[in-house]
Every structure is written in structure tokens, then in C-alpha cells.
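Structure first, then comments.
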Amino acid sequence: MSKAMALRRLMKEYKELTENGPDGITAGPSNEDDFFTWDCLIQGPDGTPFEGGLYPATLKFPSDYPLGPPTLKFECEFFHPNVYKDGTVCISILHAPGDDPNMYESSSERWSPVQSVEKILLSVMSMLAEPNDESGANIDACKMWREDREEYCRVVRRLARKTLGL
């Protein structure tokens, strides 16, 4: 797939997101000269310790998008079992097709060209509400999520306030 085809697809997805985007999510190209890097703002889901937080993130698309998945990285301090310490999100929908060596994911959960930016961002919001501690990216967050949920929620709420400058 050519970079021009990827660009057309990204422009179409951006138009759909601006016209019909889900609540709690804003996303679009970082600048009009580069449609392959998007700035996102994800609102913490209600009823979770992330509630009230506004989380900036960056989506980076490969030149063969949608054949290859993008990467998503939070650009603020973030504590979650499925987010690496550098902010990179680790969820099935962002994993390239193929076999999962750890046997945690079925191929139907992984990236395919029918996925979209909207589906990715909705999956991230779902991940915030329901972490997968079986295939953790942040071992400390996994351990705290399993063993001391109250402390985990306290840490996440503190970081949520920090996203608001409080």
C-alpha cells in the first residue's frame, strides 16, 4: 500500500472523527503537513480512578497504514498495567497480525486493516476501565492492581489531578 493511500485513509478517518467522534476523545493530525502523527486527548472514563483526568497522547502511523498498526503513547506521567513506563500503550488492537508468542491474544483481537482510529481510542478507554493484568507492560502497576487496589486507585487519582495542573 502506498503512502498516498495511507494518507487518503487517514484524511477520511479524521473527517469521520471530527463529524461523529465519540464523547471523551479528541484526535487529529499534529499539523497539516504531517497526517502520520496525531495529537489525542483522552478523557478518563467515568467511574474509574482515571475519571476527571485529561490525558494527552500521540498516535504515530506507519507509511503502510492501515496494513500496519499505529503506536499510541501517553505524553504525561501514566500508571497502568497495560502502559509501559515510557507511556507506550500495549493492547491487542495495536499489535501486528501474527501469532502471539505468549498465547494471551487471539488473532481476531490483533490489528487488521478494518480497525480505525476511533476503535483504537475506544479500546484505550476500555483498557483504562478494565486493565489486563495477565499481559502487563508495567509490572509495578500490575502488582499493585492485583495486591493493593486501594493504593493503585490513589496513585491513579493523583496522576489524574496532575493532568489538570492540580
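Positions of Cβ are set from backbone N, Cα and C atoms, glycine also.
Taken from Swiss-Prot, the feature domain 'UBC core' covers 5-165.
As annotated by Swiss-Prot, active site, glycyl thioester intermediate applies to Cys90. Of all Cβ atoms in the shown protein chains, 19 besides its own fall within 10 Å of the Cβ of Cys90 (active site, glycyl thioester intermediate).
Look at Cys90 (active site, glycyl thioester intermediate): DSSP puts it in coil. Positions annotated as ubiquitin cross-link by Swiss-Prot: Cys90.
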